[in-house]
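Colleague: Here it is, the structure, as structure tokens.
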Amino acid sequence: MEVSENGKSASLRQAFGNVLSFFILLLVGVLAFSIRLFSVIKYESVIHEFDPYFNYRVTQYLTKKGIYEFWNWFDDRSWYPLGRVIGGTVYPGLTLTAGSIWWLLNSLNVPLSVETVCVFTSPIFSANASWATYLLTKEVKGTGAGLTAAALLAMVPSYISRSVAGSYDNEAVAIFALIFTFYLYLKTLNTGSLFYATLNALSYFYMVCSWGGYTFIINLIPMHVLLCIVTGRYSARLYIAYAPFVVLGTLLASLVPVVGFNAVMTSEHFASFLIFIIIHVVAFVYYIKGLLSQKMFNVAVALVVSFGMVVCCAVVSVLVPLVASSPTKGWSGRSLSLLDPTYASKYIPIIDSVSEHQPPTWPSYFMDINVLAFLVPAGIIACFEPLSDASSFVVLYIVTSVYFSGVMVRLMLVLAPAACIMSGIALSEAFNVLTRSVKFQLSGVPEKSQSGDTTSRIAVTQSEVVKTEKQPPIDKTEDTIKERTSKKNKKKEKEHEEKASLKSQIQKRLLVLPLETSIIAILLLVLLGAFYVVHCVWAAAETYSAPSIVLTSYSDDGLQVFDDFREAYAWLRHNTEVDDKVASWWDYGYQTTAMANRTVIVDNNTWNNTHIATVGTAMSSPEKAAWEIFNSLDVKYVLVVFGGFIGYLGDDIDKFLWMVRIGGGVFPHIKESDYLRDDEYRIDSQAPSTMLNCLMYKLSYYRFVETDGKGFDRARETEIGKKYFELNYFEEVFTTHHWMVRIYKLKSLKNRIRGKAKKSKSSSEGSVTTSLKRSGKIKRNPWH
Amino acid sequence: MGFRFNLFLFLIAMLSTPVLSDLILAKVDRRIDLTSQIVRITSVLKVENAGTDVVSEVLFALPEYQSKNLVFMQAFPNGGKGKTKASTTSLPFQVVNPEGMPPALTFYSVSLPKGLSKGESFTFDVFVVFTHSLRPFPEEITQADSQIVLFQDSAYYLSPYEVKVQSLTVTLPSARVESYTKLHNTKHVDSEIKYGPYEKLPPFSYSPIVIHFENNRPFAVAQQLVREIEISHWGNIQVTEHYNLVHGGAQNKGGFSRLDYQVRAHVRGSSSFRHLTAKLPPRARSVYYRDEIGNISTSHLWGDSRKTELEIEPRYPMFGGWRTSFTIGYGLPLKDFLFESGKKRFLNITFGCPIDDVVVNNLIVKVVLPEGSKDISVATPFVVKQSQEVKYSHLDIAGRPVVVLEKTNVVPEHNVHFQVYYKFNTLSLLREPLMLISGFFLLFITCIVYMHADITISKSSPSYLAKLQWDEVQAAIQQFRSSINRCLVVHDKLEASLRDLSRTGDVQSCKAARKAADGSLKELAKELKPLLAFLQSSPQATQLWPKVEELVAKEREMQEKLMLKHSTVVDSYEKKSGVRDIENRIASLQQKLVALRQDVDELLEFLDEI
């Protein structure tokens, strides 16, 4: 009777625990999803910002035309007249994911629009990511830490900033893929199962499909393998976790068109191949070691090392010139700017000009990961006792991601999961110790009164100390036993965990804190957690939910909505010809193609620096030269964003120096110093005449003075320098309600040069003069 | 130009002049309403039968340039002044092609309620509506200009009958008139131009007039409007309207200056329009207004018990020639629009566009009936093109039948109710919920089956056997543990009896406890035996066996020590030795016991976690 009851209660408790953690996970998923809906509730269900519009457009194309058309898609609506091969230059993971969700729903006759699916893809994948975090952390430190980490990740502001509903960007699915790949790696490492190793390669493939950040994985995992080898933790499990991953992963990665041969040709991937060789050598050495006696082995080592050195030297001497022959040493610009933070500002202004490529400030750490920043060190310490393969991996992960986040604000996103895992571990360990000591103290009090014998207690603790000292060697022998039987024993991995937990339990018994202290500490930790939750909800609701195409402000009259961008795009969409070309700074390229459905010259893809420089040059040239550049590009409309009327920062005037810089980088007649007065960028009467006569200034401030009589720019809080001027080569065709977007049309040729045409007629040979004229134009026109 | 052609036509008409019948028009009063983009002409005709035959039909003529723009026509008897048309039923009419009439004229024959015999007279109204009859001139204007349009008609009533007395009143939107054709008896007062009265004009009298006037009313033309009315028997009718709107007036030229528009909107931009008002049915809910790039934030909604008004503002002010497209959607309570008649149900809802003064070039009304509707029929007050299609939505299997009604040139006058009759079984409502329920049910059933069924392919494979064995071993270990635990409980009892002894000094009860403990320990040992034998023999338990063995040994030792301690204490009590003496004697035993207990606990914990 008692037996069955005992067994029942144990299995009941276990079942109850499983159900409880299932529901906690479900709630974490719901939380992750719903915290990202602020943008839909406060604003509307709409695609956000810039890149998501491109992804949305690609998804629309995919759902309309099907997968094969998608791979072959040559987009003639952007980068006019060059066009862009979309199928071969995008990471298709996100698009395919949303496309298949849409397809699935539609085949079940659930009529959701592509837009709705796109808007809600990122919240769905955030829920997935938090579940993946649970799995990953569970592999490292058990269920409790897993649940805590999942809850933390569900609402970490850094991740929210990239995955609110509508933020339909690669990162939204890539973070899930990243965490899941790491989980599968650790799972393989803990079990030594080839099944998980295969899944790991597939998950890596998904990551490669989704985001350029996959290089982080293909560098981090080899680093961890190297670490394991160096610290003498090589095992068959490590080999199974790594070798199939590299082989399969690389093969699969090269299937993605945008990666292709880069998967074997660029330096980002070399580390993995090097470690691949090393792990084979190590495996071989271990094998030999098993065969030979110690003495023979030493001889063999000496022999092989001396021979190996020679071969290595030979290989290196071949490889180095090969790699060095490429100007970037085989590294892509973005990766180089990661390794050398000053690289971009020195060589590639276009990478530097993107605000998310700047290094973050300290407050942004607090804003993005909040209290996690303080919990991470505790988590690292917790990972070191005991240091397992899995925990060493997460330590490596946090260390590298901290570095990368310090280089680029954007990579804070990679740091966030690591910080959540670490903090989850730290919190769960702390709670473990504290609640255990509370429990121990509460149950210990009556025991004490019963026995009334303190000496025995002391004896108990002493003997425990002795035990724990004895424990490790026993464990080790057990370890080896387990190792040998591992192949047969399916539950081995579980036992592994158990032993770890047993060990930690014994250690924990030593960590008994006084009752009051532990209760206060628990309260403080709960308070810390509450603070984190409040901060996250605030960040999600206030900071990260704005779709940036609709701006709102609260004034005395209540809520004011600035919907100017869409007003302008809608106007372009309906009131211009389908084939008209619209020139604007590249920031607005994706939006123009997606929302206005018009051909643009440059867009956010920034793959052709020269082309962007041409537009930059046009914007910073005087009207006539600009007209010639734009005319040579077939441009019919020029779109500028202007915030001076309502005080919107981040408009084209603010970005203007980048246009000058990028333009000047290719066309040297544009000099940054010409636009500055005493190294100061200004638009008031002190500004240099180059500045006041350039196209951007004119298009922005055309007839602006008539609004208030003074021409007071509210964004820069100064009166503009040149107030009254006419446009000779451009004509205003549309300005939005709050003047945020102004659209100009290029005046047509005929009306302008009638006088000149007459002159050329009067000269003897028309054809010669026109060709001469054209050549004259060429000199002035940097496009040619 | 059309005028010359018309004049020509008029001449032909004059030449032919057949005497059709002996009807004469005693009095004709025409009012032309030009206050919007739609031209509405109301003619009050008094017919008299001058002949002998009984006449029951009256011809109504329209020149070609008007008949091609005719979109709506209605004739109803005029019961006298002040009587509204609603009180009377309209008269039926049809297009006829009487012989000997000029081909450039289109004739409509209006049937009178009863035949007119000699000398009798009858008064009725004819109401006709034209679209696209106002031609902007000039065709392109700048933002600052007003829109000026041309309208042409005849000053005389064009009729195959002789007209005794007639007059014409033209109502204009404003007093500003560029020019108008001046005939005798022409007056221009404020925003009205009056022609007539003219008396005794022969049949087919025609005198072209042209009015060139300012009209800044919105020239909103929906090139296409698709209204989708979806019926859900769960209580909602969802209406979705997709507009493709264009400003049909004079084209805008020379760009658009926001500055001018903002500073002097009524002057600079008078030809444009900003708002449109949609009159939705009462109790309309979840109204939305958006386009393909998201919500349009400029709209207002008012509602009372009789109507809901939605004021929508396109993203930008609409100037001549500018286009836009948007979607309006709203839900309506089912019970307001769906009724039952006999076995059939019918939907009774308005046909046209709810926005004021919009001309719809091509209107498509789609009524989506619930899945499983049968015997569908449609009743419309005017001729429309009908077809059917199927729409799949929300977990449909067979799809929903859709009635598609198409009509070109729709004006607000077409905004009348039409009916769609169909049969629908209410039980079909439960189909989709049941489908979902059974789907989930099946899912859970499969999960349960999967969890419980043994789907191992080979029952003799070593791994499968190993698994079975392992399960057995686990069960054995479980039993083993509980036995040991019970042993420990017995130990605790013995200890407790010793404590009692020290308190009470009752040696007898202590001995009894000892006896009981001995008995139960023996029983437990018996129980343990087969378990241990099994564990020893099982290959799966080889790793565990040392631990188990150790545990058993430790427990034995503990048992022995405890017994020793117990008998020592009891002995000393019987000898009545001092407390300190007893403690000294059992101190070493006590220490060993504690250490053993610790070991046993640890071993148990280890087994516990398997």
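Here the Cβ of each residue, glycine as well, is placed from N, Cα and C on the backbone.
Pulled these from TrEMBL:
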COMPBIAS  A:466-500  compositional bias 'Basic and acidic residues'
COMPBIAS  A:774-784  compositional bias 'Basic residues'
DOMAIN    A:19-422  domain 'Oligosaccharyl transferase STT3 N-terminal'
DOMAIN    A:579-638  domain 'STT3/PglB/AglB core'
REGION    A:464-500  region 'Disordered'
REGION    A:755-784  region 'Disordered'
TRANSMEM  A:20-38  transmembrane segment
TRANSMEM  A:85-105  transmembrane segment
TRANSMEM  A:142-160  transmembrane segment
TRANSMEM  A:172-198  transmembrane segment
TRANSMEM  A:204-227  transmembrane segment
TRANSMEM  A:239-264  transmembrane segment
TRANSMEM  A:270-288  transmembrane segment
TRANSMEM  A:300-324  transmembrane segment
TRANSMEM  A:365-384  transmembrane segment
TRANSMEM  A:391-409  transmembrane segment
TRANSMEM  A:415-434  transmembrane segment
TRANSMEM  A:510-534  transmembrane segment
Colleague: Same chain only, please: residues at least 6 beyond the ends of the transmembrane segment (A:270-288) with a C-beta under 8 Å from a C-beta of the stretch. Say none if there are none.
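Modeller: Same-chain residues near the transmembrane segment (A:270-288) but 6 or more away: 218-219, 221-223, 225-226, 229, 234, 238-239, 242-243, 246-247, 250, 264, 297, 300-301, 330.
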Colleague: Report, as numbers and ranges, every residue of the chain located at least six residues beyond the transmembrane segment (A:391-409) whose Cβ falls under 8 Å of a Cβ in that stretch; write 'none' if there are none.
Modeller: 136, 140-141, 182, 185-186, 189, 216, 220, 223-224, 227-228, 231, 233, 337-338, 341, 355-360, 364-365, 376, 379-380, 383-384, 415, 418-419, 421-422, 425
Colleague: Count the Cβ pairs between the transmembrane segment (A:204-227) and the transmembrane segment (A:85-105) that lie under 8 angstroms and are 6 or more residues apart in sequence, then report whether there are at least 3.
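Modeller: Yes, these stretches are in contact.
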Colleague: Please give the sequence-distant neighbours of the transmembrane segment (A:20-38): residues at least 6 beyond its ends with Cβ less than 8 Å from one of its Cβ atoms.
Modeller: 122-124, 126-131, 134, 143, 147, 150-151, 153-155, 160, 163-165, 536-537, 540-541, 545
Colleague: Relative to the transmembrane segment (A:415-434), which of A:85-105, A:142-160, A:239-264, A:510-534 accounts for the most Cβ pairs at distances under 8 Å?
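Modeller: That would be A:142-160.
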Colleague: Are the transmembrane segment (A:85-105) and the transmembrane segment (A:365-384) close enough that 3 or more Cβ pairs fall under 8 Å, when only pairs 6 or more apart in sequence count?
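Modeller: With fewer than 3 qualifying Cβ pairs, these stretches do not touch.
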Colleague: Quick one: DSSP breakdown of the domain 'STT3/PglB/AglB core' (A:579-638) into helix, strand and coil?
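Modeller: Split by secondary structure, the domain 'STT3/PglB/AglB core' (A:579-638) comes out as 33 helix, 10 strand, 17 coil.
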Colleague: The transmembrane segment (A:142-160): which same-chain residues, six or more beyond its ends, come within Cβ distance under 8 Å?
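Modeller: Here the qualifying positions are 17, 21, 24-25, 28-29, 31-32, 35-36, 126-127, 129-131, 133-136, 175, 367-370, 372, 412-413, 415-417, 419-421, 423-425, 427-429, 431-432, 497, 501, 532-533, 535-537, 539-540, 543-544.
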Colleague: How about long-range neighbours of the transmembrane segment (A:239-264): same chain, 6 or more residues beyond its ends, C-beta under 8 Å?
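Modeller: For the transmembrane segment (A:239-264), the sequence-distant neighbours (Cβ-Cβ under 8 Å, at least 6 residues beyond its ends) are 71, 87-92, 185, 188-189, 192-194, 197-198, 200-202, 204-205, 208-209, 214, 218, 221-222, 225, 272-273, 275-276, 279-280, 283.
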Colleague: Quick one: average pLDDT across the domain 'Oligosaccharyl transferase STT3 N-terminal' (A:19-422), no decimals.
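Modeller: Averaging the confidence scores along the domain 'Oligosaccharyl transferase STT3 N-terminal' (A:19-422) gives 87.
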